[in-house]
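Taking it in order: structure first as structure tokens, then the write-up.
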């Protein structure tokens, strides 16, 4: 059988196709990532079954155990949640997604064709995604407007590339470490991706991209312990998150000098800390941010005064209907876990962070950089239960199997 024929029958081929498509999907319509990844993961498991005659049952090791414990706690939180149906659905879906992802990771780890196949697909996928994002910017977002059937780009499309930049930020350190691709080509793509990210209005995603690549470089020249240290640091940050908000509150300068979107995040975190204090042990239930009492209200004037937001411009910005006290989720993974699942959930999430740090350290610098970029994004942006973000994380876990030392030789 020829190499091309073996590649066409490789169980990891659906993952390679995902890596080729997902960066572009992130640009065009990021919510499509959840469906695409679900189809790809199922296809990978089924292909493995057809090729080997066995199912790739997940191995209960590494990050999988704390992930399943979080899923169990999220499901159980329906018994005390303010929205029980949403909590149980969230927990069950999360468990299913994680188990499917873990099975896929096993398939890729056992497929000898995976390193070569995934490396090429990931390199090409990031190049297409970064190029498409840059072209969309140059055309005044005409590409994404066309996908949505709009004759011209609306104002809100200007900020719609943030998820795409977040995806590229996590993938860039992995691409930097890919085996079988000349280092000059990898360096050029990573630098080009960061250049595109830096001209897109997505501050937190840009920060995560720069930090991810910087950590990759540091991991290349330092010891294997860096990944473990990052995992431990993230775990400690999760446990300490509410206390950090309380400690920082009296010492904050006026928020007038920072972008209003950043000031809004600070006010959200202040509101969420208060709600966490009301139910610190088990929280309000998984995905409770959508129904937290007072979350849909605007910030009162006394809160704006307390944070120095007194100018007419600030008052006008916060008088709009959009800057609510809790718009869907806190835009901070640590605070959301505390809000939803209390100290019990925070302890499990800290365990998960440490397990991810150990796993990243075993794989190498690309994984360590991706972990750092993902952690920054999680602390500044998306909700922990968002399906597209979970799906992307599972895809990254599968892609990282191409970097395992035993397969890279």
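Backbone N, Cα and C atoms are what each Cβ position is placed from, and that goes for glycine too.
The feature domain 'O-antigen ligase-related' is assigned by TrEMBL to 202-349. For 15-43, 64-82, 88-109, 121-143, 163-181, 188-217, 229-248, 337-363, 383-403, the entry in TrEMBL reads transmembrane segment.
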The domain 'O-antigen ligase-related' (202-349) - residue tally per DSSP class, helix then strand then coil: 102 helix, 2 strand, 44 coil
Highest-contact recorded stretch vs the transmembrane segment (337-363), from 15-43, 121-143, 229-248, CB pairs under 8 Å: 229-248
Contacting positions for the transmembrane segment (229-248) when only residues 6+ beyond its ends and CB under 8 Å are counted: 215, 269-270, 272-273, 276-277, 280, 332-335, 337-338, 346-347, 349-358, 360-361, 368, 371-372, 375, 379
Annotated stretches the transmembrane segment (163-181) and the transmembrane segment (88-109) touching (3 or more Cβ pairs under 8 Å): no
Segment proximity, the transmembrane segment (188-217) to the transmembrane segment (88-109), 3 or more C-beta pairs under 8 Å: no
Confidence summary (mean pLDDT) of the domain 'O-antigen ligase-related' (202-349): 95
